[in-house]
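Written out below as structure tokens is the structure these notes cover.
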Amino acid sequence: SCLCGPASCLLCGCCPSARNSTVSRLLFTFFLFLCTLVSIIMIIPGVEKELYKLPGFCEGSGSVLGVQIHADCSGFLGHKAVYRMGFAAASFFFLFAVIMVCVHSSKDPRAAVQNGFWFLKFLVLVGLTVGAFYIPDGSFTSVWFYFGVVGSFLFILIQLILLIDFAHSWSQLWLRNAGEGSAKGWYAALCAVTFIFYAASIVAIVLLYVYYTKPQGCTEGKVLISINLILCVIVSTMSVLPKIQDAQPHSGLLQASLITLYTIFITWSALANVPNQDCNPTLLLRNSTGSAEAAQPLTTWWDAPSIVGLVIFILCTLFISIRSSDNAQVNKMMLTEESGAGASAGDAAAAESGVHRAYDNEQDGVTYSYSFFHLCLVLAALYIMMTLTNWYRPDESLRVLSSPWTAVWVKICSSWAGLLLYAWTLVAPLVLPDRDFS
């Protein structure tokens, strides 16, 4: 009965008391991580070869944009499997996003579906996954690639919003601790972390120039690295201007250094998708026979930016699941609420009862938008699908996986959007003096 009951039933006696809303978000996140784990397993070379045995999964023929083609797809079965897992996960969360529209409290009957019936949800996810593997080739991969590109771009923007909010909260916490305790120690830690972030960024920029550019040619790489370097210098300078400091006393180089480091990572990830082997030493091409051609031998289908992106994805998704922001405007934008009296009363009741279980803290109103949370997981599923496939796509003959310029420009544009968003958080109090940005 627990597998079909509420989230509180899934907590054992040794677990601490927790909010029902938090447990539900963590369990949905666990489903996403489970799909990610299955996708990772499917692109392991040994497992990828076994996928050929699935009936109908690689029949070697199909149509692309209405043109009938015949191709051997055995060289990128793992790529196809990841796309189908991404489709299943995105469909699963999109289904719940539609079902949970306009749920305002746990008294709504649909809230029971959100917070319970976990075994049945697992069966639905398994059913969608099995069905996804029977989708005919046709134009599915080509069309779903663009869904993945758009979803990944939006999820990168969500990552940037959360990163900027995290950076501001981090700086405010340490400055508050410096005012209350040993000021020298906290300021020293603040300076040390800022120095480490900037030093790592400078080293990364030098390495990008060394490995992704050449004295002759590679103009695109030189321009993109230089533009992002200049933009990072601009926002770092803005963060310490006297007028900015007067309007936002907590702004400083810690936030700017973290944003700079993340921007350089996005730039690295974009350059790793440049479809020019002379300017991209990590470029990997696979043909239909499964062989790999690269300037340097690669032992896996992932490159280093994909591994770092996977780690950031995990941290960001957990961040969405368990934390509400200290900033009211971020909570409004992310459709979450600050901890209020209802939550405090629930905490007190749970402490008095001494029962280790999940308690309902949403009887008077939900603490987060169910639909928006599932839409975030839809975008996360698309992002991890693109990350695990290195943003590569098959060509029109379905014989070669290659990296398109689309992936490069999507990542670069997302880095510019993030820097613009951070710059806006600095100048907004000056542009809109009547609004409260505390």
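In case you wondered, yes, glycine gets a Cβ from its N, Cα and C as well.
Record features, source TrEMBL:
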- 26-47: transmembrane segment (TRANSMEM)
- 81-103: transmembrane segment (TRANSMEM)
- 115-135: transmembrane segment (TRANSMEM)
- 141-164: transmembrane segment (TRANSMEM)
- 185-211: transmembrane segment (TRANSMEM)
- 223-241: transmembrane segment (TRANSMEM)
- 253-271: transmembrane segment (TRANSMEM)
- 304-322: transmembrane segment (TRANSMEM)
- 367-388: transmembrane segment (TRANSMEM)
- 408-432: transmembrane segment (TRANSMEM)
- request: Please check if the transmembrane segment (304-322) comes into contact with the transmembrane segment (81-103), where contact means 3 or more CB pairs closer than 8 Å and the residues in each pair are separated by 6 or more positions.
  value: no
Query: Per the 3+ Cβ pairs under 8 Å rule, pairs at least 6 apart in sequence, do the transmembrane segment (115-135) and the transmembrane segment (26-47) touch?
result: yes
- prompt: Does the transmembrane segment (141-164) reach the transmembrane segment (408-432), going by 3 or more CB pairs under 8 Å (6 or more apart in sequence)?
  reply: yes
Field: the transmembrane segment (367-388) in contact with the transmembrane segment (26-47), cutoff 8 A, at least 3 CB pairs, sep 6+
entry: yes
Statement: Given the transmembrane segment (26-47), its same-chain partners at Cβ distance under 8 Å and 6+ residues beyond its ends are 7, 10, 78-79, 81-82, 85-86, 88-89, 92-93, 96, 118, 121-122, 125, 129, 301-302, 310, 314, 317-318, 320-322, 373-374, 377, 380-381, 384-385, 388-389
